[in-house]
Amino acid sequence: MQFSSKKPRAVTDLKAELYSQPLQFYAQPPLENISLSEFESFAVDRLKLLKTVENLGVSYVKLNDDYLKKLDNEIRTLNFPQKMKIFEEKFKDAKDQTEKRRKDHISHFILRLAYCQTEDLRRWFIQQEVDLFKYRFKKLDSGEKLEFLHKNNLQYNTISAEEKDNLREKLTISSYAASGVKLEEQDFYKVPFQDALDLVRTRKVYLKEGYAYIPHNEIVTIVLNDFRTRLSKALALTARSLPAVHSDERLQPLLNHLSHSYLGQDYSVQKNVGKISLEQIDSLAGKSFPLCMRQLHQALRDQHHLRHGGRMQYGLFLKGIGLSLEQALQFWRMEFIRGKVDADKFDKAYAYSIRHMFGKEGKRADYTPYSCMKVILSNPPSQGDYHGCPFRHSDPELLKQKLQSYKVSPSGVSQILELVKGMHYQLACQKYFELTHNVEDTSFSLSHPNQYFTESQKVLGGGKDVKRETDTLQRPQESSAARGLTAAREPAVDESQHLAEITKNLETDFQDA
């Protein structure tokens, strides 16, 4: 697999420059040839790493001790670089560390090819890469952080001891990160305020004459925003190159398989069509719906109407749990005609959109139920809307009242609100699951409203083997991709046979992750 140039000296110089640093923005693509087997193994290992990042993010508070310990172990297991300088005397095998950084660099760009194809794929990839970058940036010491900023044209300098002393009182009062820490032990960066709008908005920094004075612990916010912006633009540019990549029959099925293997179950593929009756929905909403869908269901029953955002979020969720198109049309029509919409207006104004989400109208795309990430990050609700994530978009006091009305214990409400305060919205939802199902600790990482429903039904139905059932649900999709990969033959016999072996073993690799 050739990434670009064939100039050995340029490649050597680039590797020496790129891999001498413990962290990078991935601004420069690889300039070397790699084998197909290396291409595949690098991609699979990075996917395993990103999936671990995702699972830890919804199972632990990010960057706490347990989170860091488990992520450290996974990085070591998958042979990705730890935080070490190449030329440190105590690190005996500099060549080994360089190879790990090479793997990190190339694997990132391979997954760009796989995850630039749709909005949902890009959103998932960006979030996991940003979390991984944050973990790595936090591992750098003060000098390494400053060196990284300057190397990437983020010319932010720490203020002098004299200036810090002159602003002592104001820095201490205005900077949350500096509270409880001796000012002398805390570095402050002087940054143009427009580069720190998130911190300014949340009143975490001191402002003076157009500059924000950012504590050492908060500079990561600016760096992450910059990394997110760069990666988002890079994925958009990569998407334009997809026709050239798809012309290679060796890579297209492999990339498609990779992009589907780590987003979890595809809930657009209905497994229980018609097994849920309309009469069951009210009961299921109270027992097995996540809070976001329970809120939408209640609003629909109370007001006999939902706006477009709510209809899409709730309608696709119902589709995912097994409602057929005919049932969905009947369900929405019955509810809407109880309000201000008569049957004729419903058929003209609303029935089309329901058929559309089932792939029966328009471009006939079979729409997928929204994941937690999509609900949290996209299309925030406005006045009169009920979609979105209650843990993310609700006022804390209103959320508290809602939880109390659903008989969540006072201590449980406090635990959930503490997680919400720390912006751990999926953890808050998982805690809500535990409290409403009387389970001590869930054996899954929550990432999808339909997953919440499925796991709830398992708990209420006697508790089957979660992992085995999940794997079984994923297997048809993975087998389909594997068949597509095997079908893509290359004249070169050795590569063709090797690719077939890769495809055969991919499912096992993914299930073990």
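Cβ atoms here come from the backbone N, Cα and C positions, even for glycine.
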Of the ranges 70-108, 460-498, the one TrEMBL annotates as region 'Disordered' is 460-498
With the fewest other Cβ atoms within 10 Å, the residue among the binding-site residues CYS292, CYS372, CYS389, CYS429 is CYS372
Over the domain 'DNA primase large subunit C-terminal' (283-453) the mean pLDDT stands at 92
Same-chain shell around [4Fe-4S] cluster excluding CYS292, CYS372, CYS389, CYS429, C-beta within 8 angstroms of the CB centroid, reads PRO290, LEU291, VAL375, ILE376, PRO390, PHE391, ARG392, TYR425, GLN426, PRO449
